[in-house]
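Taken straight from TrEMBL:
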- 1-21: region 'Disordered' (REGION)
- 1-16: compositional bias 'Polar residues' (COMPBIAS)
- 31-50: transmembrane segment (TRANSMEM)
- 144-339: domain 'Peptidase M28' (DOMAIN)
- 367-394: transmembrane segment (TRANSMEM)
- 413-634: domain 'Endoplasmic reticulum metallopeptidase 1/1-A TM' (DOMAIN)
- 415-437: transmembrane segment (TRANSMEM)
- 449-471: transmembrane segment (TRANSMEM)
- 492-513: transmembrane segment (TRANSMEM)
- 519-540: transmembrane segment (TRANSMEM)
- 547-568: transmembrane segment (TRANSMEM)
- 588-612: transmembrane segment (TRANSMEM)
- 624-642: transmembrane segment (TRANSMEM)
- 650-875: domain 'Endoplasmic reticulum metallopeptidase 1-like C-terminal' (DOMAIN)
Amino acid sequence: MANQKKGSKQPLLQSKTQDEDRNLHQIDSQFGMLGVALMLLCGTVSSYLFTNLPNALTRADLERYPGAFIAERAWDNLKVLNDIGPKPTGSDANEKLTVNYLKREIELIQASKHRNQLLATKHQITTGGYPVDKLTSLYRNVQNLVVKLAGENGNSTSPALLLNCHFDTVASSPGASDDGASCCVMLEIMRVLSREPKRNRHSIIFLFNGAEETPLQAAHGFITQHKWAKQVTAFLNLESAGSGGKEVLFQSGPQHPWMIDVYARSIRHPFAQTAGEEIFQSGLIPSDTDFRIFRDFGNIPGMDFAHMVDGYRYHTKYDNMDYLSLPVLQRTGDNILSLTREMVNSDELEKASLGENKVGYSIFYDFMGLLFVCYSADSAIAINTLVAILAIIMPYYGLRRSVGVLGEGSIAKEAIYGFLATVVGTIGSLLTCLIIGRQLDAMGRALSWYSTPFLVLGLYCCPALLCHCFSQMGINRLFANKKTVLNLSQIVQSRMIGVSLFWALLVIPLTFAGIRTSYIFMIILLFSLIASIVTTVLSWQNTTRKWLLVHLAFQLLTMLWATQYYHMFMKLFIPISGRIGANKNPEYLVGSIAALSILLISSYMMPLVGLLKRASELTAKLTVFILLAVLLACFTQVGFPYRDDSAHAPTVQRHYVTHVMRSYYDELGNSRGNDSGFLFREMDRNSVRLIRGIASPDKVTAVRQMNSCEKEIFCGIPFYSLWHQKRFDNYWLPGPPPVAEEAVTIKKIRQDQISEHVRRLTFVLEGSIQSSLIIGAKPGVKLVGWSLLEKLTPATEFNNQTAHFVLITHGLASEPWEITLDFEHEDTHYNGLLVDIAVVTTHWEAHRMHTKEFTDLINKFPSWAHVVPSVAVMNIHVF
């Protein structure tokens, strides 16, 4: 009877025990903010490691480190290049001062080399051209300085490693980081290696190219015309898209995994991400490098390195030595010197020349600069799939072992709820960030975070986090089950299986689709999997505190892993948002990055909301942070996007202003009129307001609304950058003519009928200034051939007009140039006009040509604006 009586009370006791368990398993609401604090702490640690640089070596360290990279010597070289100032191709600063200085430094290295070393120098002056997309890129007499440090196998056919930098700059920028620092790093590497008593196994070719910003032309001249180019088996390209920080390996190969293997075993301070490679090659970043030329025209594998921190100063007057440091050069020098030594003494370089190395894609990444991992894309399929499956199976197995067969259904249901909460939170956070971005833009507060990136935390990260909290809370309310056999801790662990399911359903399809960046998500699954294994082995599923401790320990690693990508993407794309034009809302870009980052950082933290006694306290505090950020962004100076140099942290608004003279000629060469004015390029979302404020709204006209668009090819706008001027909005302000001392001229020589339907126009182009041609065939006429290149480059379109755009760069002065154009016409006896040809001459760094009106206009721009002035002459002919 005692047993029966006791058994009759068992259900009541079980129910009571479950209620007590739920209360015991709940934790104080303050721990919700502790989770947020952990995220911020991990973000701070990853930010420190992201920007931490090694101590620089000076000449005093030479005795202790005789074969080391000495940053102080590179720094002294950089000071000279920096003091020369802006060095656009064709300027005396580039073609004379810089070339002569580099020659002198190379001669000094030649004089101080070890007697066992052989150093040969070539001064290349090259002319050529190539098509790129819908642009015809031509160059005349651009300069390269090429130095070969011979290896043991130093004959003319043995493999060699190429190191490349460019010494030219854009107008108005001294180019200390882009790319003077890289050239000085190469000088120091040459200095160090040439003083060693033993030769390297293979030769090293150092290419100092003088026309990269034009774009990429001198590298083309070397790889297609220089006799040493045939020896090049691999290359290292040193670039910059910022102003200091760590150099990142953001392109490799393509499909030459041996290069990553060499990197892995040689680099002292790794910073390399497959994600960076895929993002760059997607076209999201408005830049290109010589890597493209060596790959496409030389069919040579290589590695692309670039500094990316503080992209605000990229291509501005603030890219100078004041914003660089010796540790930047030391870190880059250490890595490139170590990599160069390893590569030129490796079997892989020789095998690459024979085509014996394996080919295929690599997955590579570093963890906080402390650990570097690489493996093949084929291995990634197995790794990603295995981790994704085990990340679901292991925690399910552990929970099932803990609760028994009766709990299987409950675990599966809670896992589905966890998956649903993650999906809803992800969609909600992304939509919320996009809505916020739209509203900020509509209020005229676009780019409020540009100078103060911490505002992104309140404007976008907190709302994204809040959406995930509401999603978890909503799922808890909708699907609460008091009859479940699971206690609260087990419910939360089951929900995390749903999070793993979410990531698995993302990782596996992306992996099989060839998206190598899926490794980012796989690592998040991996940390969760390891935590599950530990919990299962120790049977801690029923002990909330112990299980939670293990979970949080591995989530710290997850947060460190994920926050490094937050910093990487924000430091890259926030500065870029100031130079992508006005047609794209930058709030969408930054908001999307924030939403994705919060998902990466907190996906396995969000189910813990179910453990909080009063989750509403957490959401209330997050709301306060959001309101505070909105107030700062919209109603204080903190949210003003731009800063001058007063705090030694300039974040400028970019402007290109061109003083233009336009002249129009008929088929007989007689003038049919001229006009002049100022052309403004809209570089970011807020540019037009400043342009209209400075130039008077009633006088400024959008280019596509000008009267000249009805009559002249490409609206009669002096195109010098097809990519920028075609895609960005431009504005015109009528004004007095500029002082144009020189201009490229075109003179018709003859017109010949070379077949029944083809006529040839021959003319002479004279002048050695940066210029371009816009060639637009008349209706019923088609351009079918020319003497510029072997093949005709596809035409491009602007303002519903089709024409061929030809960019012509001059280094040293060149002779007049005879050009032929072949036109096909439908009528056999066609005697009408064939073509409109616009000849554009652009003068950079031509301050002597600035009129008082132009100078006064430029001076109206505020101190937080960076203005790049130029003078352009445009002659439009009809033939």
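Every residue gets a Cβ built from N, Cα and C, even glycine.
Please treat TrEMBL annotations as automatic predictions, because they have not gone through curation.
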Averaged pLDDT, computed only over the residues in the domain 'Peptidase M28' (144-339): 95
Same-chain residues near the transmembrane segment (624-642), Cβ under 8 Å, at least 6 residues beyond its ends: 440, 443, 445-452, 455, 457-459, 462-463, 466, 578, 651-653, 686, 864-865
Stretch contact, the transmembrane segment (547-568) with the transmembrane segment (415-437), Cβ-Cβ under 8 Å, 3+ pairs: no
Same-chain residues at least 6 beyond the ends of the transmembrane segment (415-437) whose Cβ lies under 8 Å from its Cβ atoms: 396, 459-460, 463-468, 470-472, 474-475, 479, 494-499, 501-502, 585, 587-588, 590-592, 594-596, 598-599, 603, 606-607
Stretch-level contact, the transmembrane segment (588-612) and the transmembrane segment (449-471), CB cutoff 8 A, at least 3 pairs: yes
The transmembrane segment (31-50) touching the transmembrane segment (492-513) per 3+ Cβ pairs under 8 Å rule: no
